[in-house]
Amino acid sequence: MMEYYPLCSSCAMTFQILPFCSVKYSFTPLYTFRIYSSGSHGPVLMLLHGGGHSALSWAVFTSVICSRINCRVVAMDLRGHGDTKVKNPDDLSAETMAKDIGKVVEALYGENPPPIMIIGHSMGGAIAVHTAAANHVPSLLGLCVIDVVEGTAMDALNSMQNFLRSRPKTFKSVENAIEWSVKSGQIRNVESARVSMVGQVKNCLRMFRCEEPLSSPGVSRSISEGIIEEEEEDEEGGESNHKRKKEDDQEIKKECLYTWRIELSKTEKYWEGWFKGLSSLFLTCSVPKLLLLAGVDRLDKDLTIGQMQGKFQMQVLPQCGHAVHEDAPEKVADALATFMVRHKFTEFKEGFP
């Protein structure tokens, strides 16, 4: 029987029922990883999310891929993200995170793991490559990296802090976070945003408990109403602004305030380690490889040469943002399903395509 995970267990609002069973897997009391799974037979697709996201970013994709091919899906919240709790959550080095993947696989399957294909997006794609290169998953079938290559990633690091500062720091509700993510273009698929944002934000007013259920996401409010902004007092209207701010504070106490689960700006010291040397590391992985990109302009020199030499398969999915698997889950699922069937990793389900 299929089990379902309540995507927003802290409130009464239901976003969508998806075939995702959720468990917490503990190595020790100090290491508990949130795991989401689906499917009962076939090779395992180990899904690694991008920085700031969570395993829930794969929810819609999981529903699609499981309708295409015989497979099992395991998506995990990486350390420092989602509902995973570890002793050193600030240690986001590529080496540590890659070892985490190996430990989770061992904890789930013991000494004889099933055939596994690792699929990672952005930061998760980089960690997937490091995991494969270090042979942390001995039963590795293949590797799929989504919209991350060394050249463009390294170039983007200089502007990353500015990007992070441009995001709202807090939201009045999960619905407002969802609305911002879609209107800002972070996630272009509303269906995916409704699930994914639940794993990206958390309640930040711990001294107040939210007793009222959140309103339906279908009732839209403007972003300016949903994002909490700080106003500076001017000299002439200082008293009036102070009074208004006090009233606003009282209103805020009545609402659920949300902020980002992880402060990505504080992880800067690990960024270079995720991406430096990634292209050559990717090319040295001996398993069949698939690279999915939102634009051909993202390809750097090493990968261009490698692709011409047939060292990996590449597919460009246009009209997508960076969160390719969220913006176009059907296209990503089709590309991955075709790749896996071609390499005889699995078979299409009866009636598909």
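Note: Cβ is positioned from N, Cα and C throughout, glycine not excepted.
Feature annotations, courtesy of TrEMBL:
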ACT_SITE  Ser122  active site
ACT_SITE  Asp147  active site
ACT_SITE  His322  active site
COMPBIAS  227-238  compositional bias 'Acidic residues'
DOMAIN    47-335  domain 'AB hydrolase-1'
REGION    214-248  region 'Disordered'
Could you round the CA separation between Asp147 (active site) and Ser122 (active site) to a whole angstrom and send it over?
6
Might you list, by sequence position, any residue in that chain lying six or more from His322 (active site) with a Cβ less than 8 Å away from its Cβ?
Gly50, Ser122, Asp147, Ala294
Cβ neighbour count (within 10 Å, all chains shown) around Ser122 (active site):
25
Applying a 10 Å Cβ distance cut-off over all chains shown, what neighbour count does Asp147 (active site) have?
23
